[in-house]
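Encoded as structure tokens, here's the structure I'll be asking about.
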């Protein structure tokens, strides 16, 4: 039994609907005398954007049929300008470094803005470029530049009690960028009340996870270096500092929401 691929004709009527006229004549058996075979359409690839699943149509007597697909406008296709991406990595690495100027010396760890800058970097640049920006910032500090809190620099900062928090910035940018679904955040502006609310929720969860991931590395290292127990870490470090971080979380969410269109306009091209 010889079968060939069906012919697919696409017609766009200017709305969100894409009409596919699919001729299955050539997909039928070569011999005659039988009713046309039922054709199962598993999926249709549209403009190389994504594979859109379609329910198998029931064809018993007709050799052609018409399918209407509703295109979701949130699935907008865009690609990244790689040269601009590297420029943004350098820009946000400088942002994280400059945020070291805002530091309140407290014990056992200072109150800083660098954790907020690291999470914001992940939200806007995504997990890969966000982590790359943090690594660039850490590399500058390891070379001796005074980019760590309090104007510190050098490899000894990583072996200090707060060294775990610096390493946690990498995880924070990665997780925040991944949870925020960076590609959709950067490529697709929110449309409609439901989607706008979903964007706020996604940004809030991503930011919260980013901050908590910094503590997940920083607290164990701090406890190991200073010999503090878990209870002492939770009551003396985590609770008071995380209460202050709630204000930074709100600030990061607001900044990410308002800066995402700028990133989308400069960093991505559509088509």
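Using the three backbone atoms N, Cα and C, a Cβ is placed for every residue, glycine included.
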Any idea which of 86-106, 107-127 is down as transmembrane segment in Swiss-Prot?
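My reading of Swiss-Prot: the transmembrane segment range is 86-106.
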Please indicate, using numbers and ranges, the residues of the same chain that are 6 or more beyond the transmembrane segment (235-255) and have a C-beta under 8 Å from a C-beta there.
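Result: 108-109, 111, 113, 115-116, 119-120, 123, 200, 203-204, 207-208, 211, 215, 219, 222, 228.
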